[in-house]
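Quick look at what Swiss-Prot lists:
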type     : residues    : note
MOD_RES  : ALA2        : N-acetylalanine
DISULFID : CYS24-CYS58 : disulfide bond
MOD_RES  : LYS64       : N6-acetyllysine
MOD_RES  : LYS64       : N6-succinyllysine
MOD_RES  : LYS75       : N6-acetyllysine
Amino acid sequence: MAAAAAIRGVRGKLGLREIRIHLCQRSPGSQGVRDFIEKRYVELKKANPDLPILIRECSDVQPKLWARYAFGQEKNVSLNNFSADQVTRALENVLSSKA
């Protein structure tokens, strides 16, 4: 998977410390995020066993991707109404840019 390779490639250079994904368990706007987790989380975690990848479910929350870098800097991207492939691209975009 491209996202797994992207994380391995940039983690050290950018000081990536953590990835968090916030989503709702049942809202239509979070469906693509749920699909992404179901299809790609295991591969992503296997490729990056030392990187915390946190999945946070909460009712009625807007789906969002957070990347935390060194010195507490964070970057976030809304994932509302994204497909699983769009979530993958959003993850790759966040990882390819510095906080």
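Cβ atoms are placed via backbone N, Cα and C, with glycine included.
What you are looking at is a predicted structure, and each value in this text was computed from that prediction instead of being measured.
Feature map: annotations from Swiss-Prot on the structure.
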residue : record          : DSSP class
CYS24   : disulfide bond  : coil
CYS58   : disulfide bond  : coil
LYS64   : N6-acetyllysine : strand
LYS75   : N6-acetyllysine : strand
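Counting other CB atoms no more than 10 Å from each candidate's CB, the disulfide-bonded residues CYS24, CYS58 peak at CYS24. Of the listed modified residues, namely LYS64, LYS75, the sparsest CB environment within 10 A is found at LYS75. Between LYS64 (N6-acetyllysine) and CYS24 (disulfide bond), the C-alpha separation comes to 10 Å.
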